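Visitor: Sharing a structure here in structure tokens format.
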Amino acid sequence: MSTPVNLDSIRLAPKVLLHDHLDGGLRPQTVIDLAQSVGYSELPHEDADELGEWFAAAADSGSLERYLETFSHTVAVMQTEEALAQVAAECVEDLAADGVVYAEIRYAPELFQERGLALDQIVQAVQDGFRDGERRAAAAGKRIRIGTLLCAMRQHARSAEIANLAVRYRDAEVVGFDIAGPEAGFPPTRNLDVFEYLRQQNAHFTIHAGEAFGLPSIWEAIQHCGAERLGHGVRIVDDIKVAEDGMVHLGRLASYVRDRRIPLEMCPSSNLQTGAAKSIADHPIGLLAKLSFRVTVNTDNRLMSHCSMSGEFAALHEAFGYGWSDMQWFTVNAMKSAFIGFDERLEIINEVIKPGYAALSE
Ligand SMILES: O=c1[nH]cnc2c1ncn2[C@@H]1O[C@H](CO)[C@@H](O)[C@H]1O
Ligand SMILES: [Zn+2]
């Protein structure tokens, strides 16, 4: 008999996470502890529960720009190598405890130079933390692997440097590049030379697009920049018409995204907070999954959106009735879309994901 689907059983299912920000996933207590050790006194609360609630409420603003303001606190306490390594190791522990077996975690190295760290020191500290977290998870009986994505901030002008950093560390589990930050006013085409460089290096990249801004941003990300995946990409629904009789018509861009199997890194809870969707039940993920786009489910920022991979799956189960086979589909979609090698992806699908779901749905 199949295991009933609930938050506890979903935590046992193997899950794959492609879109999660390191500086958006700290434990509230760690924010407090690090603030104390680095002498940061601007936190709005000194109690972990209250601080956690504050982040979720402050990020619940209906605007991406205001959502992003909350990162000033997490970024402020991550300015030393020790802090970066601790946050990275705890991130892995938390994901492993939630049943995540493979995750790509992203962050922008340029944000952690307020106290003079060099970009290389930042990347090395985070990589050390991830390896430490993988070992701690293994000691607790959990198998997890972490790939790193380096982000450049759209509003800054350092993307060439960061892309170069990503390429230099690609043999040390930095698996790709991304651009993040406010979308309106900062089109991805500001970085065309950087994307050309990455393609010439045979390097992988995704782009935050179609979250706060619509189709032009998605079109530029794919057709001008050559993004392999879309961070969010929710607004692709603007190119899909569903008639009253249920007939669906895909515009040329939506057709291209579906035909080319371009992965959508969807983050339902985060989208409710930035105003990209009204409720989980209204979230375009339902339609896009039904139309067999290559949809993946992600957390974006576990602290700000007060969420987890299991929590996202549980919310989708409630809104759309998804069961184990749907969750396996999302998970295999994500694993196929990861930036690690084909043989490694296949191994995780066959050795971990399929047996994991088979055990739950038997
Ligand atoms: O959903 C998002 N859209 C755009 N930018 C984001 C989102 N979440 C986080 N960041 C930005 O990415 C930086 C690097 O991790 C964060 O500091 C935050 O400013
Ligand atoms: Zn994001």
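Just so it is clear, glycine is given a Cβ too, placed from its N, Cα and C backbone atoms.
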Visitor: His19, His21, Asp300 bind Zn(2+) in TrEMBL, but which of His73, His208, His224 does that record place at the same site?
Guide: His208
Visitor: Listed recorded positions: Asp23, Gly181, Glu211, His232, Asp300. Which have a CB under 6 angstroms from an atom of ligand 2?
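Guide: With ligand 2 as the reference and 6 Å as the Cβ limit, the list reads Asp300.
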Visitor: Could you check which of these recorded positions, Gly181, Glu211, His232, sit within 10 Å of Asp300 (Zn(2+) binding site), going Cα to Cα?
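Guide: So the list reads His232.
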Visitor: If one looks at the chain holding His232 (site 'Important for catalytic activity'), which residues at least 6 apart in sequence have a CB under 8 angstroms from its CB?
Guide: His19, His208, Ala209, Gly210, Glu211, Leu264, Glu265, Met266, Cys267, Asn271, Ala276
Visitor: Within the same chain, and leaving aside His19, His21, His208, Asp300, name every residue whose CB is within 8 angstroms of the centroid of the CB atoms belonging to the recorded Zn(2+) site, in sequence order.
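Guide: The surrounding set, listed in chain order, is Asp20, Gly24, Arg106, Asp178, Ala180, Gly231, His232, Glu265, Cys267, Ser270, Asn298, Asn301.
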